Amino acid sequence: MVTLVLGAQFGDEGKGKITDLLSQTADLCCRSAGGHNAGHTIIHDNITYDFHILPSGLISPKCVNLIGSGTVVHVPSFFKELKALEEKGLKDANKRVFISDRAHVCFDLHSVVDGLEEASLGGRKVGTTGKGIGPCYSDKASRTGVRIGEVLDEGIVERKLRNLEAGYRRRFGDLTYDLEEEIKRFKEYRTLLKPFVVDQFTLLRKYKDASILIEGANALMLDIDHGTYPYVTSSCTGLGGTIQSLCLNPTEIKSIVGVVKAYSTRVGSGPFPSEQINEIGEKLQVTGREFGVTTGRKRRCGWLDLVMCRYSTLINHYTALNLTKLDILDDFDEIKVAVAYRLNGKEVESFPADAEELEKVEVVYETLPGWKVNTMGATKWEDLPPNAQKYIEYIEKDLGVPVRWIGTGPARSHMIERL
């Protein structure tokens with residue numbers, strides 16, 4: 001039995017909390033894509049945990065966790081994050097997390113190159129996290145990268161890393177990067193990593209009849225194939241990428257949970273049709289505390305975009321939705337939702353593939369009444385004011401997918417579940 005949790009917008013939807021909730025009954029929790037560019041926060045027993053590369057199933061004491069073959073792993077960050085969790089009380093975390101030997105290694109070299117590539121784009125920067133994710137996936141695609149399993153062989157790592165550095169030096173000239181220092185560090189990591197490295201196929205076979213939870217990173221609109229290219233991440237963040245990365249049997253997928261924030265946010269560059277560059281956007285940013293967990297950057301804010309969510313639903317085939325941060329809308333007199341795009345006076349029939357075209361669309365909004373009632377901490381559907389219920393029902397009707405979970409605050413308990 002497999003359950004997927006996938007971001008339906010631009011990331012930062014709040015996937016961590018629903019993953020934490022579902023992991024309480026899961027035997028295995030897996031990350032399928034991305035690296036330490038991802039970031040989410042979970043509050044449990046008044047303790048705040050920040051996750052980047054590690055699966056958030058680690059908070060559940062009986063849940064085993066896997067970082068799958070489609071990911072890229074920055075080894076220093078892996079150990080730093082693991083240590084931080086242990087210092088906050090998760091003492092056995094290092095015994096419940098494993099890394100696929102087919103995952104790729106994200107070196108410090110990749111971070112240096114990431115910055116150089118962004119600088120070369122000038123005014124058309126992608127707005128990456130600067131963590132080296134793109135260059136690492138590029139090396140993977142060009143068949144020059146290093147896999148986690150190869151770290152256990154000192155000779156392979158040194159040879160491949162020297163080749164990578166030489167290639168980038170030919171491209172960029174001088175690099176502010178210490179090759180010998182990174183080679184030295186990986187000699188130490190060879191021993192430290194060994195207990196964590198597994199053949200994921202053997203592990204997944206062991207759990208074939210168990211409850212498996214897949215934790216998506218980033219979101220559909222940042223997918224390398226289906227997102228707002230080129231303003232995307234470098235991995236497949238949707239349903240297809242998840243199946244590929246973890247070799248899932250599609251017929252065993254029980255549910256696909258799409259996580260949708262009650263409004264829209266985006267970090268970095270790229271088209272954002274419903275963005276509000278005004279006092280509404282500022283209010284959403286301040287009230288919603290919209291700052292990136294990984295970079296600390298301010299998130300751009302706007303109204304919920306149902307055109308985008310329909311497109312996301314079409315690709316990821318959600319069976320249920322988790323609507324998050326409903327309480328952030330409590331103080332609005334009226335709430336708008338994007339229901340259509342117009343371009344050159346005509347309604348756009350399908351979601352534009354061209355980012356420049358998407359930047360030019362005129363958004364058609366539906367205006368719904370606000371509720372002006374505090375919903376933070378609500379745990380029952382009946383606790384919500386009528387207009388908040390109508391807002392949720394409007395989303396359900398438009399997308400054709402039931403909203404099963406509603407987030408009403410930052411704590412694990414701040415969640416409404418509708419059966």
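We number each residue from 1, going along the chain as drawn.
Heads up, the Cβ atoms here are built off N, Cα and C, so glycines get one too.
Here's what Swiss-Prot has on this protein:
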- ASP12: active site, proton acceptor (ACT_SITE)
- HIS40: active site, proton donor (ACT_SITE)
- 11-17, 39-41, ARG299, 325-327, 407-409: GTP binding site (BINDING)
- ASP12, GLY39: Mg(2+) binding site (BINDING)
- ASP12, GLU13, GLY14, LYS15, ASN37, ALA38, GLY39, HIS40, THR129, ARG143, ASN218, THR233, ARG297: IMP binding site (BINDING)
- VAL293, THR294, THR295, GLY296, ARG297, LYS298, ARG299: substrate binding site (BINDING)
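With all protein chains in the displayed structure included, the most crowded Cβ environment within 10 Å among the binding-site residues ASN37, THR41, THR408 is that of ASN37.
With respect to their backbone Cα atoms, GLY11 (GTP binding site) and ASN37 (IMP binding site) stand 11 Å from each other. Nearest Cα neighbour of ASN218 (IMP binding site) among the listed recorded positions (ASP12, ARG299, LEU326): ASP12. With a cut-off of 8 Å between CB atoms and residues at least 6 apart in sequence, the same chain places ILE42, THR324, GLY407, PRO410, ARG412, MET415 near LYS17 (GTP binding site), listed in sequence order. Spatially, by CA atoms, the binding-site residues GLY39, THR129, GLY296, ARG297 include one closest to THR408 (GTP binding site), and that is GLY39. For the pair LYS298 (substrate binding site) and GLY14 (GTP binding site), the Cα-Cα distance reads 16 Å. According to its DSSP assignment, LYS17 (GTP binding site) is helical.
Other Cβ atoms within 10 Å of the Cβ of GLY11 (GTP binding site), summed over all protein chains shown, number 30.
Taking a C-beta cut-off of under 8 angstroms and a sequence separation of 6 or more, LEU326 (GTP binding site) has the following same-chain neighbours: ALA262, THR375, LEU384, ALA388, TYR391, ILE392, ILE406, GLY407, THR408. The shortest Cα-Cα distance from THR129 (IMP binding site) to any of the recorded positions (ASP12, GLY14, HIS40, GLY296, ARG299) is found for GLY296.
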